[in-house]
Amino acid sequence: MAALSAWFWNERFWLPHNVTWADLADPAPGVEYPKPGHLLAALPLALGIFVVRIFFERFIASACARALHIQAGAGRRAQPNAVLEKVFTSITKNPDSRHLDGLSKQLDWEVRKVQRWFRHRRNQDKPSTHTKFCESMWRFSFYLGIFIYGIQFLWQTPWMWDTRHCWYGYPYQVMTPGLYHYYITELAFYWSLMFSQFTDIKRKDFLIMFIHHLATVSLISFSYANNMARVGSLVLCVHDASDFLLEAAKMANYAKSQRVCDFLFILFSVVFYITRLVIFPIWVLNSTMFESWAIVGPYPSWWLFNVLLLILQVMHIFWSYLISRIAYKAIMRGKVGNDVRSDIESSSDEETDNTEGHKRSAHNSKGENGTNGHCATAKPRTHNHTSW
């Protein structure tokens with residue numbers, strides 16, 4: 001174990017040339033440098049954040065949802081049936097015509113009745129609008145709170161106004177209480193997101209978001225361990241700037257406030273493009289890749305840190321594409337279109353059963369998918385629902 005630890009914390013990987021862990025282990029009185037062991041404090045804090053989230057969603061967010069007339073009532077449930085339940089849980093949730101014909105004969109049901117059962121059973125597992133509103137309100141509250149804290153903290157720092165101060169005197173840079181609290185709180189939140197993602201509302205980009213959270217935790221941990229926390233704080237602030245706007249747009253969508261939703265989504269899109277495609281590469285990446293090269297010089301963990309940031313920028317471009325698709329639909333339809341990052345059980349699964357003998361009218365179809373519908377915004381975080 002000692003050999004493995006020594007290999008992992010190899011000074012030639014983590015630190016610039018001619019710097020050792022011993023140089024950082026015994027600072028002057030009143031001076032504190034980052035230590036990798038500090039990162040362990042994020043784990044119990046992540047558990048505490050998760051507990052606070054449960055309390056917040058169950059009481060505060062639920063009360064707000066009821067005030068907006070978003071009820072937690074369950075939808076229509078499927079009739080209990082052991083045979084169909086076994087097929088649903090172990091074979092397929094969307095049976096094809098062959099399975100439908102076989103089940104119809106086995107149960108002596110009409111095919112349309114079997115189709116209806118599977119449709120109700122799929123919808124039964126879908127989270128309610130009330131649940132989605134509470135989740136978004138929690139993320140909105142955290143993102144807004146941490147963004148305000150980050151702006152207030154960074155406003156007083158020299159590296160907010162001149163990014164070269166991120167590298168002057170590196171790595172002998174003091175870890176102030178404000179920077180420590182900012183960093184550990186963000187790290188704890190993303191640890192909680194990464195684990196709660198398995199119990200949260202499932203979405204189509206589950207894998208992308210998991211990779212995003214993993215990259216975020218890795219970046220925060222790496223930058224803290226080798227004292228790149230100054231530039232790391234800039235990265236955190238840039239990403240928090242747009243996340244709370246998206247969650248606010250989603251809340252407006254769940255509350256069926258179309259105009260507010262559209263306005264907030266447009267505002268989110270503008271802020272996202274500016275922060276992720278302009279400020280981040282020009283302000284942050286320029287500092288991590290070029291200013292640091294000139295002042296400190298490259299070393300192994302420097303290369304890894306920048307590779308992770310570049311991967312993050314690729315994700316920004318991908319999410320910008322998704323946002324552009326929604327914006328295009330908004331222009332063409334006069335409103336924000338369907339969510340390109342919707343729940344797994346998308347609206348298309350609530351298919352019209354034409355064999356039931358009561359097709360929906362064109363007017364009703366327009367109400368579901370046309371100008372009378374409500375916007376459903378995508379989450380290119382942070383969430384999260386973001387975030388780095």
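A Cβ is built for glycine as well, from the same backbone N, Cα and C atoms used for every other residue.
Positions annotated as transmembrane segment by TrEMBL: 37-56 (among others).
The domain 'Homeobox' annotation in TrEMBL covers 84-128.
Annotated DNA-binding region per TrEMBL: 86-129, in sequence order. On the 0 to 100 pLDDT scale, the DNA-binding region (86-129) averages 88 in the predicted structure.
According to TrEMBL, the feature domain 'TLC' maps to 131-332.
Marked as transmembrane segment by TrEMBL: 140-160 (among others). Residues 56, 166, 178-179, 182, 185-186, 189, 230-231, 233-234, 236-237, 240-241, 243-244, 247-248, 251, 382-383, 386 of the same chain lie 6 or more positions beyond the ends of the transmembrane segment (140-160) yet place their CB under 8 Å from a CB of it.
Here TrEMBL flags 180-199 (among others) as transmembrane segment. Taking Cβ pairs closer than 8 Å, the transmembrane segment (180-199) reaches residues 32, 38-39, 41-43, 45-50, 53, 142, 146, 149-150, 153, 206, 209-210, 213-214, 216-217, 220-221, 224, 229, 232-233, 236, 383-385, 387-388 in its own chain, all 6 or more past its ends.
Per TrEMBL, transmembrane segment is recorded for 261-283 (among others).
The transmembrane segment annotation in TrEMBL covers 303-323 (among others).
Look at TrEMBL and you will find 340-388 tagged as region 'Disordered'.
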Report summary line: Near the transmembrane segment (37-56) in space but 6 or more residues beyond its ends, with Cβ under 8 Å, are 137-138, 141, 180, 184-185, 187-189, 191-192, 195-196, 221, 224-225
